[in-house]
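> Take a look at this one; I'll ask things after.
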Amino acid sequence: HLLISMIYEWTLLLLCGILGSGFSEKPSWFKNISTSLFKSPGDILIGGLFPINELTSELSKRVKPDDLECNSISTYGLSLALAMKFSLDEINSKENLLPGITLGFESYDTCMQPAVVMRPVLQLLTKESTEELDIACNYTDYKPRVIAIIGPNNSELVPVIGKLIGFFLMPLISYGATSDMFSDKETFPSFMRTVPSDRWQVAAMVQLLKEFRWNWVSVVGSDDEYGQKGQQQFSSMANEESICVAYQGLIPVYSDPEQAVKEILNRIVDAKVGVVVVFSLPKPARDFFIEVIKRNMTGVWMASTAWALNDAVATLPGINSIGTVLAFADITRPLPLFTPYIHELFTKMEEMQIPQQPDTKISPLDNTCPRCSDLSQANVSMVQIKLVQRSAFSVYTAIYCVAHALHDLLGCNTTHCALNPRTDNVYPWQLLQSLQKVSVDLEGVDFKFDKEGNPNFGYDVMQWNFSDTTVHFDIIGYFYQNLTINENKIKWHTKNGKVPMSTCSSDCGIGQVRRVKGFHSCCFDCIDCKEGTFLNSSDDIQCKSCPAGQWSTLRSTSCVYPIYTYLDWSNYESIGLILGGIVVLVSHVWVGALFFKHRGTPLVKTAGGPLSGLMLLSLVGTCISLVLFLGQPGDIVCRLQEPLNAFFPTVALSVILTISLQIVCITEFPEKSSDYLENIRGRGSLFVILGCCGVQAGLCGWYAQEAPSLTQYVASLEVTYVKTFLRCPVEPMLNFGLMLGFNVLLALVSFMATFMALKPPGQYNLARDITISTLSYCVLWVMFIPIYTSLNDKDKSIAQVGVSLLSNIGLVVAYFFPKWQLLVKHPELNTVDHFRTFLEGVPPTPPEES
């Protein structure tokens, strides 16, 4: 769409140049061009208000109403007045638009001053064919001099004349007043325009800021209706889109702006913004950029339509040093015949010129531009300026809308009109109704007004590109309701050629919340969301706590249910424990096989006989029960894990306890040992073993009863983690301690019973094996207690399995390996004599002193 539009525009411009150069045949109606620039008779008159001259006197010295001088021609305003003349001459040449009807016009100078514009407006409101403004009770049938007024060119003048003209419901169609306040049809019922409202311009600016992620800007406006309203609207809309306005300043329009501009620039520098929106009329904008150039300031300057293409600013010396200028200009179409028309008009004027001095006594209403009689072909270039070419289309559109509305109002077809304004009354309020419904196709643009009197198109987005001597206005996008930008066409005037930044604070990262500093929401510190909280949306002002049963890590955007890990079979720790268990099991099998082979021998009988086999089986059971600590835990596994780990060692220790009691009987009660030893070895051992196992079984049952199931345990956990190790609950700790403590107590009793026992001279020292094995068991499990309490859950499980294996292998090594060594290396000692003390209950004899 943008490419087609540009091709179309440049094609028509080329055609315009060809026509202007005389290489194409001129339209026949050019022969009838009148040299009267500002007035032309007709069946229906249209008024025009243009800034043809500029103020040359000081408003502060005004005493009388007429103490105003506008003696400097504005080529821009004059060109637009000529655009109106061209449009009407072209319309009158088309016999099928208003057949048999001629449109005339009266154009007046506004000098861009409220005090000046009132005079021509009052003149245009006078009764038809008179110089009088009637006072009546009913103005429905009042026919003013003109049926519509084209103008004014800026928003400063509309409040002065808009309500007055609105009283008559006379169409007031502006080609340059963009303030959105005029969209209020209750206050300005007859106001319409052919340029977009500033509301759309502000929306376009805000979208452009968002496009490049600029949220820290300053906005400067001219101190008039246009700048004030534009600045207010921009600040309001920017705030809604989370764009912060760091500073707002107004450039004086009716007084010396130098000091004010210096203060504005000082504040902009202090605010450290990279983008400045300038919503200003051309002259204040020029004053502003003169000081910008002096200070050698650079940045991104966003230009409003009023000065976006104005040569007064674009031709300032040093303007190419200010950085990047992004501008908004009304979407227009070239007028191919406009330049050739002006060339023909000025040629005729040059031929008819009669040198004369301007008569200063003539009223400005009768002589709008005294010096315009000197116009010649040399002045044609004034209408070829880019700004004039674009603005002329707005004037052209306004007049064609009036013509088409009259076509509908008068009931015209291609040959005649039902109503004749020479004989039938046609009132401005009737034309207003027709204008509200008109639809016109102009140079490929389907134009119509909305219910607020605004046009149905938007803006071209342009960039100022600087060459050595001139500024080129290059189209980089367009806006109508939504912004379309071709970023590849933008040449950033920065050191690195990249998009500049304009933010008070850098964007926060994922999972960070903004804590605003000062008064501007764009200035903030980024605070990390802590563990257990999350940031659901970047717009949230605080981190939210996770729901029950969920947790989050630092700087999270959501909470998750926790993931539980366990001692998987493939973990290095698990593999190490499994290998250790296999080694211990192999030692059990080895010892068991050896003892089974030598069953019935004195050594095996001394070691406990069948009870030694029970002891080995319980130690094997201890090793096998340790597999319950590996793999994914479950309710049943957790019910069995600690009880089995405590019960199997009880069996082995109770066997050792029975043997220890036999040693006590022999060594401490030698005279009675032979009488009671057999009972102790038989039913006594059985009672001791069953009694110890019964007590431990009771403790294990109590533990299993009191301990929560794994499901209950997990449900009761306060989730403060995303991932953690899950082990079976070891609760209550008292019951757990009693189970382990009972085993240590059995080992301690055995140790106490044997560590002072005398060694039988020349015989096997069974007490030594029990002392060392039980001592190692006690030491390991006593050391286990402080270590266990200081570990995390995973290490607790590993430590418990490890200590169980060590205590197991300790019993095997200390109790069984000395006997294994004797069986393997000294089988000759496996005799009754070598074990007589224990087998027969004969107390050991202390060695004689020499």
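Glycine too: its Cβ is placed from the backbone N, Cα and C atoms.
Curation does not apply to TrEMBL; its annotations are automatic.
Per TrEMBL, the features are:
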type: DOMAIN; residues: 573-839; note: domain 'G-protein coupled receptors family 3 profile'
type: SIGNAL; residues: 1-24; note: signal peptide
type: TRANSMEM; residues: 575-596; note: transmembrane segment
type: TRANSMEM; residues: 608-631; note: transmembrane segment
type: TRANSMEM; residues: 646-666; note: transmembrane segment
type: TRANSMEM; residues: 686-704; note: transmembrane segment
type: TRANSMEM; residues: 736-758; note: transmembrane segment
type: TRANSMEM; residues: 770-791; note: transmembrane segment
type: TRANSMEM; residues: 797-817; note: transmembrane segment
> Sequence gap of 6 or more, Cβ distance under 8 Å, 3 or more pairs: do the transmembrane segment (770-791) and the transmembrane segment (646-666) meet that?
yes
> For the transmembrane segment (686-704), could you work out the same-chain residues 6 or more beyond its ends whose Cβ comes under 8 Å from its Cβ atoms?
611, 614, 639, 642-643, 646-647, 650-651, 653-655, 657-658, 661, 732, 735-736, 738-739, 742-743, 746
> When you check the transmembrane segment (608-631) against the transmembrane segment (797-817), do you get at least 3 Cβ pairs under 8 Å, counting only pairs 6 or more apart in sequence?
yes
> Per-residue pLDDT averaged over the domain 'G-protein coupled receptors family 3 profile' (573-839) comes to what?
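Overall, the domain 'G-protein coupled receptors family 3 profile' (573-839) comes to a mean pLDDT of 88.
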